[in-house]
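Among the features that TrEMBL reports, transmembrane segment is placed at 58-84, 96-120, 126-142, 154-178, 184-206, 313-332, 344-363, 370-388, 394-416, 428-445, 457-474.
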Amino acid sequence: MRVPGIILLQQKIANKMLKQRIFTGIKWNTLAFTSRASNQIFQLLLITHYLLPRDMGVLAIAFALFSFIQSFSDGGVSQAIFHYQQLRNEQLRQLYWFNLLIAALLAACLILLSPLAALLYQSPELSSLITILAVILIINASSQQLKILAQKNLNFSILAKIEIFSNTSGLLSTYIGLSLNLGIYSPIVGLLTTGICTSVSSWIFIKPEWKLRGQINFKSIQEPIYFGKNILISNLIDTLNSRLDVLLGGILLNHVGIGLYSLAKDINLRISSIINPIVTQTTLPVMAILQNNPLALQSLYYRTLQLTSSISIPIYGIVFLHGHDIITLLFGENWLAMLPLLKILSLWGMLNAIGNPIGNLLIAKGETLLAVKWNIGLAFFTIIMVAIGASFNVFQLALAITLLFSLSYIPSWYFLVKPLCGLSFMNFTKALFTPLVLAIISGFISHTLTFDIKAEIIHLIVGILIFGTTYIMLSYRYNSYWLHIARDFIIHHKGKKICVA
């Protein structure tokens, strides 16, 4: 009878250590992504004060093309490393060179196709912008595996330090570029600096156990590559889905309209770039560990969804309510034409943010074929909706994208969440609609009490305070889980008890 007791004690100790590592990861991820978001916001403020909406449109097209090609560059290797828990050092070395080779080939294709892109979008600057982005593609690939291995091993502290240093350097480079009148090239220079700093720092502080030198033989990695193939196709289609609005809209609409649209969309994406990675990148390696434990995986996904929704939804609610104040104070009255777009896309951003944790399930379970099928179906409807919306104007484009994400809510549960972890539709809905209802009530109270305040800064501050206070009070009564997580996160470093289950 003593042996089972010892095993049970060992399991409890292991679970406790895993929970502590999760919270340590969340702490460092919070620091890193807060720094990244702050730098991105400052960069956004800088370029909107130096560049015109037309320039923003050209940049949006360049980055959309870059993101589409970059979805190829990983080759699905990162997800394969997460899924296969026992890869040998020799296999990791082969995967590194395979990844770098793919990135180099894609960079060459990008450079060759850049004149065609400039002609298609009637923007001569696109050719040189895309050429620089192609170089960045190779630089990013040179340190990709190192970061993935550190993340897999839950070594988030070094990743956070590298990211903070690199992003700050990139922001400084962007500012210098704008000061030197480099104009539309300034953000590209900043991105180049970030990539170089990330790569150099990763090789200095994250030393792999394998060596670069050695025979190149891809036969030993056929299984991970095959796994990565489906992930690659899925990522490709997923990226295409997320960029079709800009890529197709850039052809059908003028660059000014796309510039306003891309800025409104970018603001909403910045929010999810702060919140979601803090949680999802921390839980991804844990989900991979729990992939053969259905009940534990279901519980972790539910809590991840609940936490993400409880934080994301009220923030997007504030953007919807105070869009006028945000635009006026941050970007100036010259950008007020994007107000309707910002409000519409805040609803899209909310739906996008709460759907992100599903990607972790797909990777952890290794259901790459299911991801491909889902993204192909979504791509079909995305093309239709984008084509219809963009054929009218940029506002109809925003409505079309938001409507598409709304209609995909139930199918995403039925085709993805239910078969992957068995979470019931009731719990899936509860995790989303509970914070949504609380946010609507908080927004109504905030709007009513601040209606007569005219000064933008006062209206924004008072509105956020009322909204936030009301939402927290309602959450304490009806949705307290995320508050307990926040409390445990704050006191974790003091050595107090943590509860994440």
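Using N, Cα and C of the backbone, Cβ positions are placed for all residues, glycine too.
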Inset, instruction - Answer with yes or no whether the transmembrane segment (58-84) touches the transmembrane segment (457-474) by the criterion of at least three Cβ pairs under 8 A, sequence separation 6 or more. - result: no
Inset, instruction - Test the contact criterion for the transmembrane segment (344-363) and the transmembrane segment (154-178): 3 or more CB pairs under 8 Å, pairs 6 or more apart in sequence, then answer yes or no. - result: no
Inset, instruction - Might you confirm whether the transmembrane segment (394-416) is in contact with the transmembrane segment (126-142), defined here as three or more C-beta pairs under 8 A between residues 6 or more apart in sequence? - result: no
Inset, instruction - Report, as numbers and ranges, every residue of the chain located at least six residues beyond the transmembrane segment (370-388) whose Cβ falls under 8 Å of a Cβ in that stretch; write 'none' if there are none. - result: 230-231, 233-234, 237-238, 240-241, 244-245, 248-249, 252, 359, 362, 396-397, 400-401, 403-404, 408, 412, 415-416, 419-420
Inset, instruction - Go through the chain and flag residues at least 6 beyond the ends of the transmembrane segment (154-178) whose CB is under 8 A from any CB in it; none is fine as an answer. - result: 21-22, 24-25, 27-29, 31-32, 35-36, 39-40, 42-43, 46-47, 50, 147, 185-187, 189-195, 197-198, 201-202, 205-206, 282, 285
